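Taking it in order: structure first as structure tokens, then the write-up.
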Amino acid sequence: MVKQIESKAAFQEALDDAGDKLVVVDFSATWCGPCKMIKPFFHSLSEKYSNVVFLEVDVDDCQDVASECEVKCMPTFQFFKKGQKVGEFSGANKEKLEATINELV
């Protein structure tokens, strides 16, 4: 399951609630073509990796979160463990997304 993040407080709460689990955050926008292309794959990964927390942040709805996380383009995927960022890349690269999850989980 992918959790939609609606606010900075909800983002921080989701990171805190994850504990030791890997958190994968998809920063995207409704007008972004590559974001739309990778979204179904991102959701399928959330079914496959039940021990990983998947979050979605719409950069237009949560500009403060995107700004704090220094997101420059979409889609950007960031990876967190224990509240600390442990990885990041930009672009709709399915292979890299799954490989990074496997590397960090």
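The backbone N, Cα and C atoms fix where each Cβ goes, and this holds for glycine too.
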Cysteine paired with CYS35, where Swiss-Prot records a disulfide bond, from CYS32, CYS62: CYS32
Sparsest-packed among the recorded sites, when each Cβ's other Cβ atoms within 10 Å are tallied, from GLY33, PRO34: GLY33
Cβ-based isolation winner (fewest other Cβ atoms within 10 Å) among the modified residues LYS3, LYS8, LYS39, LYS94: LYS94
Per-state residue totals over the domain 'Thioredoxin' (3-105) - DSSP helix, strand, coil: 44 helix, 29 strand, 30 coil
C-beta crowding around CYS73 (S-nitrosocysteine), within 10 angstroms: 12
Whole-number Å value for how far GLY33 (site 'Contributes to redox potential value') lies from CYS62 (S-nitrosocysteine) (Cα to Cα): 19
